[in-house]
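Asks: Have a look at the structure that comes next, please.
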């Protein structure tokens, strides 16, 4: 009987539609023979597929003596090849007196977790600085690291910390001369920026909630193990920032074993980078781990989605794997697109590291390296189809995947507010608008985290969770947070709770228009439209805004996504769903921000009046269809005449609410009823001229 490995590779090897790359290196795929454009894409398979061939990995880049034509590679591939494993020329550029670094070093410093930027609001000579991004699997941040990041923001940054959509910190405004000090401080505070950017595995997401339950704990441990498995091994990071001193904890033995295993031709032998080689991956690579039903991680937007599968007793048994998600695209290039991950198969829990490694190696060997717009794994899978992709992965995995297990419906979980951890302690999830910690909020968080020696976690929705809180601390912490503007979720506008925006202007070099700086006003205007058309205050839509089409805030999953396509101009995307399982589609191009209400007013008006029971805005627009929605907008002549109900947010802070509520109870009324009565009496007195 043929083994599962042999069956997998034979299925691909015998497929006439998939020609096998010959034994010697023949360059990387050009645009004319690429996976994207070619009907019969070429694949690099494990060497056991054809024993008479001695396969050489595409990332090794040896010279082929008999190659008739030099195949095209992107300039970044050439920079990586000559970098001595991501060292040169960055190591030399950091020693110069210039405030910036050259183009080659710019590409390399990404692997170290940093981007060079300049303030685009300023005119004249460019004022260069660097953004640093940490790497925090599961969003876990120790007390020591949080306090260090808080200090660094004040001493070397712009005085703010930013929580990202991948559960990390971003520190903006660091000068080149301070990079080594900042990096070494992060490392010695048990943090890291290694691999937070660049062509390798990025931060691994997992539910941030510190819930002491088997499935949650197992998901988080798995995320940490995957992150360790795919961490670069050649030492370039520590050589650059702490003079070769490796400051890190011991790795779990199962991680070391999986990394070193070369049973199926996955590794570079005798290489300091056994998985990545000299060239690393064709582009960024993103992984998320979660449990059934919890889609706090936007699972389907990742290159690999990993879902814990447990038995009836809650004991984890294995994982469903999903592949091929990704958000980035390019305006006016229809062959670039956002894509949702699709099922690959099920693996037992002891195989997860080997399966993930096999997927990564398949992308390493077959992802495009000539044109970076098409280098993400989603394009490889879109070109091959999931069946052929699965067969190649099975060759590197050495086994057949089983079918995915059925799962319950997905739900977006914010984990805001006070909740039990399950170990006797509490955690408190706090909403942070666009993830920007600044001003009195920053000061308050620092005081609370330092005073109570709290660890924290960053969520994929740019929020923060305070962990391991004793019951006796709940009241004083709640009071302190409220005074710092960190309110409990019932006092936060529901639109803000699910909204996200990327940083965009002024520091991101890719931004076309505003996102983070523009979203506060945008949300206020959306709320005003809600009130105008009669939608309740408790109702909401998922709104995400990005300054360019790269999709860092995942706008293509939003019910209403705004994607910058010009100065003060956005593409409108509609049709995502609240549980983040449906891809939005483009609705209108080049909508000027001052015309926002012209589009949203008719959309929300018709949603209010023609939706089905409990039908979300995204579900409604999908059911109605793009053409019908465009007709609604184009024919809109304003609100119909007639009485309208306006919904008011009466209480902006807890203290005022509690005082009014206490008075209301004396009159056997609700706080809202009493407040409305006071307002009506005030208006009536003013109209009658009796107010003093």
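Cβ coordinates come from backbone N, Cα and C, glycine included.
TrEMBL: automatically predicted annotations, no manual curation.
As the structure is a computational prediction, the values presented were derived from the model and not from experiment.
What TrEMBL records for 129-184, 420-473 is domain 'Nitrite/Sulfite reductase ferredoxin-like'. The domain 'Nitrite/sulphite reductase 4Fe-4S' annotation in TrEMBL covers 226-401, 498-635.
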Asks: Please work out which recorded stretch in 129-184, 226-401, 420-473 has the most C-beta pairs separated by under 8 angstroms from the domain 'Nitrite/sulphite reductase 4Fe-4S' (498-635)?
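Replies: Maximum Cβ contact count belongs to 226-401.
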Asks: So how many of the residues in the domain 'Nitrite/Sulfite reductase ferredoxin-like' (420-473) end up helix, strand or coil by DSSP?
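Replies: Output for the domain 'Nitrite/Sulfite reductase ferredoxin-like' (420-473) reads 19 helix, 17 strand, 18 coil.
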Asks: Sort the residues of the domain 'Nitrite/sulphite reductase 4Fe-4S' (498-635) into helix, strand and coil with DSSP and give the three counts.
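Replies: So the counts come to 54 helix, 27 strand, 57 coil.
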Asks: Per-residue pLDDT averaged over the domain 'Nitrite/sulphite reductase 4Fe-4S' (498-635) comes to what?
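Replies: That stretch averages a pLDDT of 97.
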Asks: Write out how many residues of the domain 'Nitrite/Sulfite reductase ferredoxin-like' (129-184) are helix, how many strand and how many coil, based on DSSP.
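Replies: For that range the per-state counts are 26 helix, 16 strand, 14 coil.
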